[in-house]
Amino acid sequence: MKSEDVKLGIERAPHRSLLRALGLNTESFQKPFIGIVNSFTEVVPGHIHLRRISEAVKEGINAAGGVGFEFNTIAVCDGIAMNHAGMKYSLPSREIIANTVEIMAMAHAFDGLVFIPNCDKVVPGMLMAACRLNIPSIFVSGGPMLAGRLRKNDQVSCVDLNSVFEAVGQVAKGQMTEEELLELEKVACPGCGSCAGMFTANTMNCLTEALGMALPGNGTIPAVDSRRTQLAKDTGRQILKLVKDNTCPKDIITPDAIYNAFSLDVALGGSTNSVLHVMAVAHEAGADFSLEEINRVSDTTPNLCKLRPSGPYHIENLDQAGGIGSVLKELKPWLKNDARTVSGKTIGQMADAAPKADNKVIRFASNPYSPKGGLAILFGNLAPSGSVVKRSAVAPEMMVHRGPARIFDSEELATKAIMGGKITPGDVLVIRYEGPKGGPGMREMLTPTSLLAGMGLDKEVALITDGRFSGATRGAAMGHVSPEAAARGPIAALRDGDMINIDIHNYKLSVELSDEEIQKRLANVPAFKPKITSGYLKYYTENVTSASTGAVFKD
């Protein structure tokens, strides 16, 4: 056991003395040491209940003959960090999470790890750490929040955080009063858990099942459901089996597992952020996967779900319809069914054991919403290294669009223009210098897209950015444009009025300029000057790579 490095032999007497100070005894030293990586915090709704999950994990570990040690890492709430300087720190927190877990696991010689994430950057940060450390590991998330209930005119509707973001646009346009907004604000987020739609956090928790790193139910059992506590106990027990068999993350997160994750992703219509995060996980696992391969997966895999923001259903509805297992069951013809999982079964066996889909929340594969998956990677002279769009959330009339560029060099400038009524139907908003280096931190443009949707412009206006979008974004929103403006990508050459062509059907994103004109303009673009020159974001700016490679740090 790896923990023998801190508990075996006379030279480890000082180590054992310190461990005895924790309440351990001689019998404890015969057992595997399991690190419980918690991300509890009182400021994030998705994480406020994770102490309960951790205690259940510890019960499972103890029952199976291990010794559990809980430690914490950080967690950022993207909703609270949205649309101010705090969002610059959200994506960069992913690397800090991976690094802190690496430090704790190596310093204390754990034999295995149980990871307890929930929200957006915590899941991929922990997955990256698991691959980097490559010791037996398993995941159990905190679970999704229930949808809120809004009563209006004797009718009750389901609402969520995205409803509030979009309502701000309705207020700005005079379609909703501030009093009505307040009533919505009070009920949209009814309790603990990751925000209730197929937003980034829930996308990543669902994909963790497809990657093979979590037991069934991880992605969909609600945070407040007692089954979540039982799942945590089962996860605690299962890590001891993984330690005994020395089953490690790189045995599970293979190219086939990455393929399965993207297959599930496009079937669910998951967040565009999943592309960034799964690519980063694949990099750590040595299972690199190209953007072109994602298009090949999406070209042949049907879109089976329309979950918020793409449709009316929430994660609790997906859970009631059979959960991720039922989606995988429909996807069996498209999966790499021999891929391993932490359950000890293959992904195909997991799918076989799941209930049949309901053909409502989870469509039959023979009756999909679309024969093609929910994500697309666009290429062209505006995005030579790619750009990501959630096509399942794009209105049919916007799948092909041509319009004049409206250029903004920050999210704030774009938001001001939208709120001021200066955006007209047909426009293509371009928000640049918001990429990994340029932002820095690749902020999410949820406020601009929510305002457009709330004002009813999401079927008439497109938005292109080298930044990111929230999983709650809907509309013709192309993000992750690479190379970014700060790296002198073609997006830096754009001017107001340039005609932009979007063709999602054919994976094209281009501007009606010759290559010579683009290069001529780029030659006159001033050298990028970092916006932040101290602290962690200075280091991040100097070391982060392109969104097209997952925005990981330089090797």
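Just so it is clear, glycine is given a Cβ too, placed from its N, Cα and C backbone atoms.
Within the same chain, the residues at least 6 positions away from Ser470 (active site, proton acceptor) whose Cβ sits under 8 Å from its Cβ are Asp78, Met82, Asn162, Phe199, Thr200, Ser271, Asn273, Glu444, Met445, Leu446, Thr449, listed in sequence order. Residues annotated as active site, proton acceptor in TrEMBL: Ser470.
Around Glu444 (Mg(2+) binding site), a 10 Å sphere centred on its CB holds 31 further CB atoms from the protein chains shown. Under the heading Mg(2+) binding site, TrEMBL lists Asp78, Asp120, Lys121, Glu444.
Summarising the annotation, TrEMBL assigns domain 'Dihydroxy-acid/6-phosphogluconate dehydratase N-terminal' to 31-349.
Positions annotated as domain 'Dihydroxy-acid/6-phosphogluconate dehydratase C-terminal' by TrEMBL: 360-551.
Residues or ranges marked as N6-carboxylysine in TrEMBL: Lys121. Around Lys121 (Mg(2+) binding site), the same-chain residues six or more apart in sequence whose CB sits under 8 Å from its CB are Ala75, Val76, Asp78, Ser90, Leu91, Ser93, Arg94, Ile97, His277, listed in sequence order.
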Neighbour count (Cβ, 10 Å) for Asp78 (Mg(2+) binding site): 29
Near-site residues: Mg(2+), ref Asp78, Asp120, Lys121, Glu444, CB cutoff 8 A to centroid: Val76, Ala81, Met87, Ser90, Leu91, Cys119, Thr200, Ala201, Asn273, Ser470
Chain-internal residues near Asp120 (Mg(2+) binding site), provided their CB is under 8 angstroms and they sit 6+ positions away: Val76, Asp78, Ser90, Phe199, Thr200, Ala201, Met204, Asn273, Gly471
